[in-house]
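What follows is a single structure, written as structure tokens, with notes after it.
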Amino acid sequence: MCTTISFAEPEIVLGHGRRVLFVNPDDLQIFKEIELPPDLGLKGHTSQSQESCTAAAAASTATAASGQAPGGKEQQLANQPEEGGTSASASGLGCATSTSVQNVAYSPDGQLLAVTTSGKQKALLLYRSRPENARLLSARPLARASSALRFCSDSSSILVTDKTGDCYQYDCVEVEAPPRLLLGHLSVVYDILWSEDQQHIITCDRDDKIRVTNYPATFDIHSYCLGHREFVSGLALLTEQHIASASGDKTLRVWNYIQGKELLQHELPAPAVRLLVRQLEPEKVFQAAVLFYEHVDALGLYRLERSSDDTWSVTATQLVCAEAGSWSISNFTLTSDRIYITGAENERLSLRVYDIATGQPASSGVPEGWLKMVLDGLGANEEGAPPFIPEDLSVWFKKRFDNVSDYLERKKRRIEEQQQQKCG
């Protein structure tokens with residue numbers, strides 16, 4: 001089971017199990033929620049090619065409940081889709097209680113929310129999320145479980161990558177249009193970017209590669225950013241020509257992705273499995289946050305600065321313990337002053353808040369009982385709730401096999417036996 005957490009001004013979006021919560025980062029109060037219906041109403045799909053499927057999105061129900069919002073508005077249920085969306089009356093593939101939230105992404109204009117699901121019903125759900133209630137626009141089936149989501153800069157379409165390396169484009173205007181297969185990798189894609197001018201799609205995978213693909217002519221690869229020696233777990237767009245990447249090879253790097261040129265390589269204390277970047281000064285100063293794999297410090301905060309001659313440097317480093325070792329950390333997000341971290345404690349979901357300046361647990365502005373309220377909202381405290389065991393990230397690392405040593409040992413024994421026979 002996955003837990004997703006992200007910050008989209010002015011709210012934290014938290015997905016777990018069958019629910020998505022919208023939380024006010026200031027007082028940690030829930031002011032809106034979405035619950036997946038038992039049946040997503042997928043009619044099934046026909047094959048468009050061996051890699052692609054047409055998505056005939058049909059009936060689905062969206063339950064969106066608004067809590068006590070910051071403005072004090074009452075809760076409301078949003079069970080009906082918007083005009084032009086899908087109806088809630090048709091039947092689909094049947095009840096699939098194991099279906100759960102996989103990935104969540106907000107559109108740049110803040111109007112749309114994309115949710116992918118895993119389990120028996122793999123789907124891309126598109127919601128109209130603002131101004132108040134979340135209303136379902138479409139539910140389109142996915143051939144495989146998703147690995148990453150990314151909206152384009154004008155929110156007109158969304159990219160979905162899956163765990164076999166394929167990348168599909170879904171239209172957010174014609175919400176029932178079938179997907180378009182854009183590109184493919186030979187291994188799982190962990191993150192994806194779409195440049196602001198929509199001229200390039202940037203993907204990273206388990207095979208150490210960062211690929212820059214031209215759009216819309218995605219058969220044409222513009223460049224590669226090569227140098228990582230392990231999986232590339234995260235990407236972040238810095239400027240029109242620069243990206244940051246984090247990898248299991250214990251490095252944080254900055255690239256000119258147009259030229260495929262590495263501009264900075266910074267050593268990390270442990271493999272990196274998540275990367276987030278905040279802009280502090282436009283196109284000049286950034287804060288990169290890295291989640292480590294099995295290290296005494298859970299996160300590293302790095303200040304990236306760009307000089308006038310286009311050189312990059314790390315000018316400040318802060319390591320955040322976040323009580324690593326006492327619980328299994330799975331994900332995190334940042335605001336201007338706090339770090340929000342999700343994980344498992346005794347196989348139960350937990351959420352902790354830390355001060356971004358000190359790295360210590362946040363003390364001010366955290367109401368009593370907030371954690372129980374959030375966990376109740378996600379259904380994590382319900383009777384019969386399944387245990388929460390974060391993804392085993394050890395499978396991300398390459399498996400290296402040494403059959404040369406065995407061969408040399410056998411050869412050595414054979415030579416010794418031949419020499420003994422000659423002497424005998």
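Each residue, glycine too, has its Cβ placed from N, Cα and C.
Feature list (source: Swiss-Prot):
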type	residues	note
COMPBIAS	46-68	compositional bias 'Low complexity'
REGION	42-92	region 'Disordered'
REPEAT	96-137	repeat 'WD 1'
REPEAT	184-223	repeat 'WD 2'
REPEAT	227-265	repeat 'WD 3'
REPEAT	324-364	repeat 'WD 4'
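Sequence-distant neighbours of the repeat 'WD 2' (184-223) (same chain, 6+ residues past either end, Cβ-Cβ under 8 Å): 51, 147-154, 159, 161-167, 229-237, 240, 243, 245, 247, 249, 255, 257-260, 275, 396, 398.
Counting residues per DSSP class in helix, strand and coil order gives 0 helix, 21 strand, 19 coil for the repeat 'WD 2' (184-223). Applying DSSP to the repeat 'WD 1' (96-137) sorts its residues as follows: 0 helix, 23 strand, 19 coil. Across the range of the repeat 'WD 3' (227-265), the DSSP-based residue counts are 0 helix, 23 strand, 16 coil.
Per-class residue totals from DSSP over the repeat 'WD 4' (324-364), listed helix then strand then coil: 0 helix, 24 strand, 17 coil.
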